[in-house]
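> Quick paste of what TrEMBL says about this protein:
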type	residues	note
TRANSMEM	B:6-27	transmembrane segment
TRANSMEM	B:34-55	transmembrane segment
TRANSMEM	B:67-87	transmembrane segment
TRANSMEM	B:99-118	transmembrane segment
TRANSMEM	B:152-171	transmembrane segment
TRANSMEM	B:201-220	transmembrane segment
TRANSMEM	B:281-299	transmembrane segment
């Protein structure tokens, strides 16, 4: 009896859903770009807007854009949370149907769904962060992570006493290779003979593996580790802090990624975070939203953010460890990259060519 | 060669400690006749409760905070495992399904509570984790000292000692005999006056306590925070260790240590002369390949307690 009642309820919900979505797509035809009131929104990946990382940063950018333009939250700018990968397409479609002019997909995981939905709704503008989708109504926002990683490498090589530094990657992919190549190139630029130990954990969510790798690296004399491994990086911090606790004078440094990870490195009065490679998703989101509102939506283009437009940066929070000579070395190379005298390599081949040219 | 052992053994021990605790819990639950797929969820609860407690009370309790956090996790694990116990023993629900439900419920509950308490999707790093230490005096013993007593987590020692205690209790005490009897032949046990339901409840609650402890040790020593991905698969590795170890506490400990060894080897491998030229991907899959090989061939048949997974109905035959 109870089962049947649920079945009826489920049926009703399905019917209502079909009817509503039919209405939605009917009224959305002919909408997009040129509405009198601009509306933008983003779809998160599974992290949510308080993940202390990507989604949060994107939402901050969107909020800033909204405030700059006197838009109201929910009406002018909004977000939809994805709880699993299967939510992406549904969320994108919901935003299309509510006449959103510009829809951001946060993270490369949404690339495929953005491509599909963009094909079906050619009037709506989309933007994908950290990936490239080649469609006329999609702007692809990418970052020059190799530039920031280059500077991280410069900082690491300047800091290192042992002449050995490390890199811990999450999953081996083109994106993370950019970090690795830039980092190695930066370090070799300062000290041609420096040894860089590169290890991949094979996962972005395995702190235990990160801790193992870090433990092994510090054991073998590495004194600075740059991680580009998300949650796996927590294990790197854990190991560095544990060693620092046993030996406060020892050199156990971590370089954070994506945002300032100063807080993660705090242990008593010491801090193991040397610096962090900053990826200003908020800057990128706010700018693309603004361009789009002003009628200059970069559809079909790859919009790249680097050191030049503050899309990439390096943190200077740990003033005790991040000494003046590191700062001046980093600033010097930063200027060279901005001026175009040096191009930070982003692939293994480019890295090889770069190191050979030193 | 010695250098390699110096780095592999401490790593193996800290990696294995959470798995040992959880696997011991799994042994007690399954020995009493209740399959506990929910170990993963119980670890999540342990990690969540210990991290939350640690963050909220670090100011008051100071250096003692991590130990209280472990205690809190044990209690939280026990309470949470009661859900499994009530559902499977009293209401005779399917044990596997309930276990899966526990896993989902625990993760959802943990993340939801973090949002309620801290207003964000993951916690900050705890300020009072468990640190590794050198064991005084013993560390000075040549070779062995550096291998087993240098930069070690005390939790690793507790895990190993507890394995022996668990083995002793299970095989050498009347209480252990009861647990095993209830798991092998509950009706025979019942006719001999053993309270089957009570004994199974105790088995499941012990598993909750130990899995909660395992999750907390993971959080206090390795991840230092709690998020949706803090416990990702360790509970299932612990279940594998239970089977690998033939439902014997010492076997489970050995299996967990073996997992730790394999994981550590995959990382250290790149600096061992012999393995230097092996592509990294092979080293990364090595732990899993070794595990499958070990399960398939080397340990012989691994037989579960006879009544494991079967709800006991008084008076039925």
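Placed from the backbone N, Cα and C atoms, the Cβ positions cover glycine too.
Can you tell me where each of these features sits in the structure?
Long-range contacts of the transmembrane segment (B:6-27) within the same chain: residues 36, 39, 42-43, 132, 146-148, 150-153, 155-156, 158-160, 162-163, 166, 170, 206-211, 213-215, 217-218, 221-222, 234-235, 237-239, 241-242, 245, 247-249, 252-253, 255-257, 259-261, 263-265, 267-268, each at least 6 residues beyond the stretch ends and with a Cβ under 8 Å from a Cβ of the stretch.
Beyond the ends of the transmembrane segment (B:67-87), by six or more residues, the same chain brings 34, 36, 38, 41-42, 45-51, 53-54, 57, 61, 93, 98-99, 102, 105-106, 128, 200-201, 204-205, 207-213, 215-217, 220 to within a C-beta distance below 8 angstroms of the stretch.
Residues 35-42, 44-45, 47-48, 52, 55-56, 80-81, 83-84, 124, 226-228, 235 of the same chain sit 6 or more residues outside the transmembrane segment (B:99-118) yet have a Cβ under 8 Å from a Cβ within it.
Beyond the ends of the transmembrane segment (B:152-171), by six or more residues, the same chain brings 10, 13-14, 16-17, 20-21, 24, 27-28, 31, 130-135, 179-180, 217, 220-221, 248-250, 252-253 to within a C-beta distance below 8 angstroms of the stretch.
Sequence-remote contacts of a segment are chain residues at least 6 beyond its ends whose Cβ falls under 8 Å from one of its Cβ atoms, and for the transmembrane segment (B:281-299) they are 240, 243-244, 246, 258-259, 262-263, 265-267, 269-270, 275.
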> Which bits of the chain, at least 6 residues beyond where the transmembrane segment (B:34-55) starts or stops, bring a Cβ under 8 A of a Cβ in it?
18, 22, 25-26, 65-66, 68-70, 72-77, 80-81, 84-85, 88-89, 95-96, 98-107, 109-110, 113-114, 117-118, 123-124, 126-129, 200, 203-204, 207-208, 211-216, 218-220, 223, 225-226, 230-231, 233-236, 238-239, 308-309
